Amino acid sequence: MGFATDSLRSRLSQLLELTTHGGGSDAMSLRQRPAAAAAHGGGPNPGSAYSSTLPHANDSEETFNIIPVHNLLADHPSLRYPEVRAAAAALKTVGELRKPPFVQWREGMDLLDWLGAFFGFQHDNVRNQREHFVLHLANAQMRLQPPPDNIDSLDYTVLRRFRRKLLKNYTHWCSYLGRKSNIWISERRQAPLDQRRELLYTSLYLLIWGEAANLRFVPECICYIFHHMAGELNKILEDYIDENTGRPVLPSISGENAFLNRVVTPIYETIKAEVESSRNGTAPHSAWRNYDDINEYFWSNRCFQRLKWPIDVGSNFFVVKGKSKGVGKTGFVEQRSFWNIFRSFDRLWIMHILFLQAAIIVAWEGKKYPWTALESRDVQVRVLTVFITWGGLRFLQSLLDAGTQYSLISRETLALGLRMVLKSIAAAVWTVVFGIFYGNIWSQRNHDRRWSAEANRRVVTFLEAAFVFILPELLALALFILPWIRNFLEGKNWRIFYVLTWWFQSRTFVGRGLREGLVDNIKYTLFWVVVLASKFTFSYFLQIKPMVAPTKAVLNLRGIQYNWHEFFGNTNKLAVGLLWLPVVFIYLMDLQIWYSIFSSFVGATVGLFSHLGEIRNIQQLRLRFQFFASAMQFNLMPQEQLLNARGTLKSKLNDAIHRLKLRYGLGRPYRKIESNQVEGYRFALLWNEIIETFREEDIISDQELELLELTPNTWNIRVIRWPCLLLCNELLLALSQAKELVDAPDKWVWYKICKNEYRRCAVVEAYDSIKHMLLDIAKDRTDEHSILTNIFHEIDHALQIEKFTKTYKTTALPQIHTKLISLVELLTKPKKDVTKVVTVLQVLYEIYIKDFPKEKRTMEQLREDGLVPLRHTELLFENAIQLPETEDSSFYRQVRRLKIILTSRDSMNNIPKNLEARRRIAFFSNSLFMNMPHAPQVEKMMAFSVLTPYYNEEVLFSKEQLRTENEDGISTLFYLQKIYDDEWANFIERMHREGMKNDEEIWTNKLRDLRLWASCRGQTLSRTVRGMMYYYKALKMLAFLDSASEIDIREGSQELASVGSMRRDGIIDDLDSGRSPSSRSLSRASSGASLLFKGHEYATALMKYTYVVACQIYGSQKAKKDPHAEEILYLMKNNEALRVAYVDEVQTGRDGKEYYSVLVKYDQDLQKEVEIYRVKLPGPLKIGEGKPENQNHAFIFTRGDAVQTIDMNQDNYFEEALKMRNLLEEYNTYYGIRKPTILGVREHIFTGSVSSLAWFMSAQETSFVTLGQRVLANPLKVRMHYGHPDVFDRFWFLTRGGISKASRVINISEDIYAGFNCTLRGGNVTHHEYIQVGKGRDVGLNQISMFEAKVASGNGEQVLSRDVYRLGHRLDFFRMLSFFYTTVGFYFNSMMVVLTVYAFLWGRLYLALSGIEKSMLQSSNNNKALGTILNQQFIIQLGLFTALPMIVEISLEHGFLNAIWDFLTMQLQLSSVFYTFSLGTRTHFFGRTVLHGGAKYRATGRGFVVQHKSFAENYRLYARSHFVKAIELGVILTIYASYSSLAKDTFVYIAMTISSWFLVVSWIMAPFVFNPSGFDWLKAVYDFDDFMNWIWYRSGVGTKADQSWETWWYEEQDHLRTTGLWGKLLEIILDLRFFFFQYGIVYQLGISDGNRSIGVYLLSWIGIIVLIGAYLIIAYSRDIYAAKRHIYYRLVQFLAVVITVVVIVVLLEFTHFKFIDIFTSLLAFIPTGWGLISIAQVLRPFLQSTVVWEVIVSIARMYDILFGVIVMAPMALLSWMPGFQSMQTRILFNEAFSRGLQISRILTGKKSNEKL
């Protein structure tokens, strides 16, 4: 077992010969199939049938993926596992089964070949599923507890468990439809075992799934196919005879590619035709069938009657909707309307509306407390009107149901139509009944003039009716309290249950049995009871009650002087409505704020109990480091437990006690690890590997590496050698203690020193090291050597008998210390001066002999003690010193360590210098003290895959990308060097160590390293791959530690020490030269712990982990010689666990195309890429949304029990990868009443340091992905799957529609639907924070806004989706609340905030212009309503509550003061402006999508943002979403300031409108404040020119939006083309508001002279017509005369000016016209023009062909120029003023500043003097 430590070189040379493929000495000698030749050339096509492509004689030549299942005799390390051979052998048990006809059956074919031949599956599908199946069975058998008796045969329980899990959805489906399952295996315990049948059913399902292509999104369709194929399989197995032929039964589909052509393709073609009929998703969702509709067709028995088997292609199922007699929508119709929010969450809105009504009724009494008001019988009876409202709301709900879902009704679903009609009738009847009963109560009361017995009896009658009305709610409440009863009833498919519930809900396959356990129920119910109590108390006392008095006052106003023509008599009610509107809006949305507040504190509490943030920095780590090794051992190393003890209460209790001991260092075993314990060695190996990884990533320097690593014990030191970081300053403190305690006994001094563990270790290590070093440099067999030996013997003896302080003067220790320092300094110099060393040794000898002992000794005594040389021929030590060679790096490394211990004076709290390194060490060490499951051995862990979809993003930055400068003279590399300055220095240091002579070589010999370094600081594929391959590296390391013996580990760690120091000193690099220079930096196969591996670690890791990157267009990239393809190949070459899946398009004939899913890997033996599998697809991959389709096609190549979905902008860390096997054990733990199906993983946003914007985004995201998700998982139980890096239970999702949904447009936020689907199908989503994955976010404002737009649009589409509707109805009330406020509700309420501002300002404008406000002021009640609304405004606009989760999360993890400091810094950097701007983005895109649709995927691009964005680009992005809205609000505020009586008081005006002005300024200025060089005067000038060129550029065919205003203008109206009639009507109604300005203002003009008739308003339209006419004449004359007869054009302009002046003079002279009226009328007329244009855009289909349209386009262009000037003006002013540019740069790049980034120098392009 031991290692040949003496022959290191030969060990290394062996390692270099290892193949990284198989690993170890078990190198493979397999020749592998050449890449892709067969598919493209004339050879046989791997996708074709069995008859032509069954494996030929030489099986061993076949390419394999992970294990060579086809050849069990191959020399491959994975085949050493008996479990693999057992699984493969089980599949070979074809035995006496009837052989398939028409196929030559050969020896060695197995059950999958048998199925493939019978049912016409593709050969490569069979190969892929064979490996998939064998690998899974082998892994499952390895995990079996207790291990089976016979490990060489497949255990039956493994197989049965797998079959049950895989086919669970199928058996549920059969039960739901009342069909008998076609799995003919008895589930009884006593039933005889039928292993072959189990294998056949499971294999059949996997083969169907593996070839189903896009049908994998329709899981119940796969159930339908499996049902029939399993039925035919049964007939074959039972030897049925075909009645027609009299021969044994054959499957109804068989032959070459029969399954693909006759089963998959017809259904695929139908889906494809539906998508094509949707006009790329722009048609209304109700007009075509998406994936869900196709799937839900299989939720009713009609699929059996209509589709039949073999599939009847003539069925109406295959008719595309729109043509006659098609099937149409199934299960749900997605209608675009805002009513969906009410429909899906009706219970929530009913609660809000009923409470509001009751509260107003009670508050109207004017009593101080509601309960005193309720003592009055009148009030009590009035409150009963809530039942009338409730009935009305039910009626509304039934009408909405009928109005949206009517197209579901067909001859087959008449019952649905009947229910819709009956529900509407019932709701209407209830409403009328309540109305009549209520009327009766009051008529009796008024008749008796008191509450008589008869009147009270009528009240009782009303209450009895109400009781009957709410019976269903009471029943629901009872089932809520007893959740298991509801789950049981919904889980059973009893007919009686359906009959009883028919009235309440449609029967669906999903959404049944969603109730949680009682404990969870209580937790989230308590949470919501507290939240609702707070909200309603606040609403009553601070929103509703204060409004009552002002409302009464306004209603009682008499004799109002109106400023305009009043159409209706009493409009006080309208004024009251406008006062109440903002209050009601806030009342409806402020539950979001209450949720935010309470969830923050609950999240913090849960985080505290999870022990988050206990180790926040290096100081805290130092305190805990002693227990750190034990924590690592406890959590990361498998512990052998008795099989029956695991999971019992006793073992859980022991665990809890262990963790307590660990956390607080209690008890001896968890106190410290001594240097001779194996535990210490294991810890050192792992810790050093982590630190080595940090060094490779260049986040620490060589010196920091030496300070941080645990040095193995090479000098026989008696204590554990803690990292120098922990020992710094300790020796000096010990010396000062010894100096102070001069006369104290040894015991006391030692007791004092031992109080601090690190001090004790520092003293012992320093002494042992000095002893070893001095004896090492003195020549053996010399007097000096024996003198030194005797000196140390004396000291040791004095220590042993505890008489050190009596024998020696401790005051002399500082003297010795000083000399020792000078000695080690001499030894660590590059040039060693032996004479100086001799001198120092002589001085030390003198001190020891003369100054150190308390009693002087004579020469004789010294000679007797052996402390003087026997011969006095020369000076002492002169010829007795021999320094080790410089090659002896191990020695000098120890000396360097000794020097640090002797000299360090500071506490080294700032080591490592890099903030990321500190954060990672702190998080990792903290996580080991958190609760996590025990790690199993790697062999016994669950296998898993990682899947990353990739399209065409950056893989590796090219040389050109790094060097190219932008307009400011900044190259990407220069930017990275400044932002990551310490990492750049570390990188250069590493390059010099690896042989770089001068810095220029970085662009030549070290170019690949440079590109990798830069790419790992961007958001590139290479960064993601590097991160994900840490799983592989970690598993190899853990596999080694699992199996290594004590001797292996002890000797291995010492060997590593010497190798490590040799490498660091550059000695070993020439040994590495056999490999490509840069492959070392990526895979480092020959460094670190991998030197110790024996070979089996590679096989174990490959069996447990595989990484698939779905590079969709890799095939075409290769064909085009795209550099991306080369870079992907490079990644495969350097990462053996990496596989690439892509879609290959193969030309067949002239226009035919075939599509294949292909998996490739890099073969290390053949040194080239080889193709593993090629599975033919029924057609083009992408018929839905691109990303889920890409994930879906590669999903068949993933392996293992779990799959982690990782995006292209993510990263991972080696130390986190070590905890993956712990995480996977969570699948065995119950969370509530279910085991998890998705394990949520925490993210760290790594882009926060790039700029202040990136920091705001990352802070917001961090609180969302940590605190937000934590609360959703526990206690609220509604965590979905908001994105990556969650880990999915692979086989659970594989059978239920995959890991995302792909229907066009509706599933634009594809990831979140996986969570919806999981919850609806009874899954469970948890969240775990002891492990984290890196995540990149967008860093520039435009990127962030596009991302926000995409997510908001996605939420707009979710509002329409069936998933949200079902969750809104099927979850219990409190979980529904949680679900609403954390998904679509958040976006809806963001929109409500903006609508509140609109409602408030429009209301004030109406009151001011109409004159009601003036009358209100004159009345006694001095406008209290104003104060109320003001309070509301401040509450909303502060936005403090949305920042609260952020502050709480930062406090939890980094401390309260840090959180406050961060918050204040953010405010100074204008984060409020950014968050307010984001609010606008969310509102615009959410609202527009719900109304009109038009959601689309927006590629944000993830580059670095140092480039100035032009004004035109910003205008294009934000004109409609922000600028126009801000200008509208600005105009309202200006007019209000001019005409309001209230606004005359400046303070009142400021107090009332400051938050609205802040919104206006934020929306206009944010794009410039957060734009690099946003206030540069020259750039502002260029930007304006560029903007005007863009405006006037004439568009033609193929002109893009960024070239021409006209193209952009048309694109901005796209959503109006796809919207429905209601959308258009609503848009026109909203646009009518712009006409109000004119109506209100014309009566205020001087020229109107107080006239209030309607004629004034009508005459004002003449002004509009004149203005348009004048504009048209000038525009027309410009078009005709401007070019050739310029003088005419000037003449027309001159005439226009003259006429204008004359008209103004005449008006001034003969009417009451004032000069200011000119400007005032502009405020009236400009909005009117904008309103006309907006309406014209809606009516474009009717107007486009007329001459009017050209006029509209021309005027619209003028408006955009006007808006552009308005927006540009403040920006230009600030650019012109000095100092703003530098201030803005500080705001934008401040975070980077604090890390030494001189961005001002960067942005002015003054390159630093250095070359690099």
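Note: Cβ is positioned from N, Cα and C throughout, glycine not excepted.
No curator has checked TrEMBL annotations; they are predicted automatically.
Now, the feature entries from TrEMBL:
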| type | residues | note |
| --- | --- | --- |
| DOMAIN | 196-312 | domain '1,3-beta-glucan synthase component FKS1-like' |
| REGION | 33-52 | region 'Disordered' |
| TRANSMEM | 348-367 | transmembrane segment |
| TRANSMEM | 379-400 | transmembrane segment |
| TRANSMEM | 420-441 | transmembrane segment |
| TRANSMEM | 462-485 | transmembrane segment |
| TRANSMEM | 524-542 | transmembrane segment |
| TRANSMEM | 567-587 | transmembrane segment |
| TRANSMEM | 1546-1570 | transmembrane segment |
| TRANSMEM | 1621-1642 | transmembrane segment |
| TRANSMEM | 1654-1675 | transmembrane segment |
| TRANSMEM | 1687-1708 | transmembrane segment |
| TRANSMEM | 1715-1739 | transmembrane segment |
| TRANSMEM | 1751-1776 | transmembrane segment |
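Of the Cβ pairs linking the transmembrane segment (524-542) with the transmembrane segment (348-367) and spaced 6 or more residues apart, 3 or more are under 8 Å, so the two regions touch.
Long-range contacts of the transmembrane segment (420-441) within the same chain, counting only residues at least 6 positions beyond its ends with a Cβ under 8 Å from a Cβ of the stretch, are 381, 384-385, 387-388, 391-392, 394-395, 397-399, 401-402, 405-406, 409, 455, 458-459, 461-462, 465-466, 469, 503.
Residues 1647, 1670, 1673-1674, 1677-1678, 1680-1681, 1714-1715, 1718 of the same chain, all 6+ positions outside the transmembrane segment (1687-1708), place their C-beta atoms under 8 angstroms from a C-beta of that stretch. Outside the transmembrane segment (1715-1739), and at least 6 residues removed from its termini, the chain residues within Cβ reach (under 8 Å) are 1524, 1528, 1531, 1534-1535, 1538, 1613, 1616, 1624, 1627-1628, 1631-1635, 1637-1638, 1640-1642, 1644-1647, 1660, 1663-1664, 1667-1668, 1704, 1708, 1748-1749, 1752, 1755-1756, 1759, 1762. Remote same-chain residues near the transmembrane segment (348-367) are listed as 341-342, 373-374, 376, 379, 382-383, 385-386, 389-390, 393, 536, 539-540, 544-545, 547-549, 584, 587-588, 1376-1377, 1380 (criterion: CB distance under 8 Å, separation of at least six residues from the stretch ends). Helix, strand and coil counts under DSSP for the domain '1,3-beta-glucan synthase component FKS1-like' (196-312) come to 78 helix, 2 strand, 37 coil. Beyond the transmembrane segment (1654-1675), the same-chain residues lying 6 or more positions past its ends with a Cβ under 8 Å from any Cβ of the stretch are 564-565, 1638-1639, 1642-1643, 1648, 1692-1693, 1696, 1721, 1724-1725, 1728-1729, 1751, 1754-1755, 1758.
The average pLDDT computed for the domain '1,3-beta-glucan synthase component FKS1-like' (196-312) is 93.
Listed as Cβ neighbours of the transmembrane segment (1751-1776) (distance under 8 Å, sequence separation of 6 or more from its ends, same chain) are residues 1511, 1515, 1519, 1523-1524, 1527, 1564-1565, 1568, 1574-1577, 1579-1580, 1583-1584, 1587-1588, 1591, 1605-1606, 1609, 1668, 1671-1672, 1675, 1726, 1729-1730, 1732-1733, 1736, 1743.
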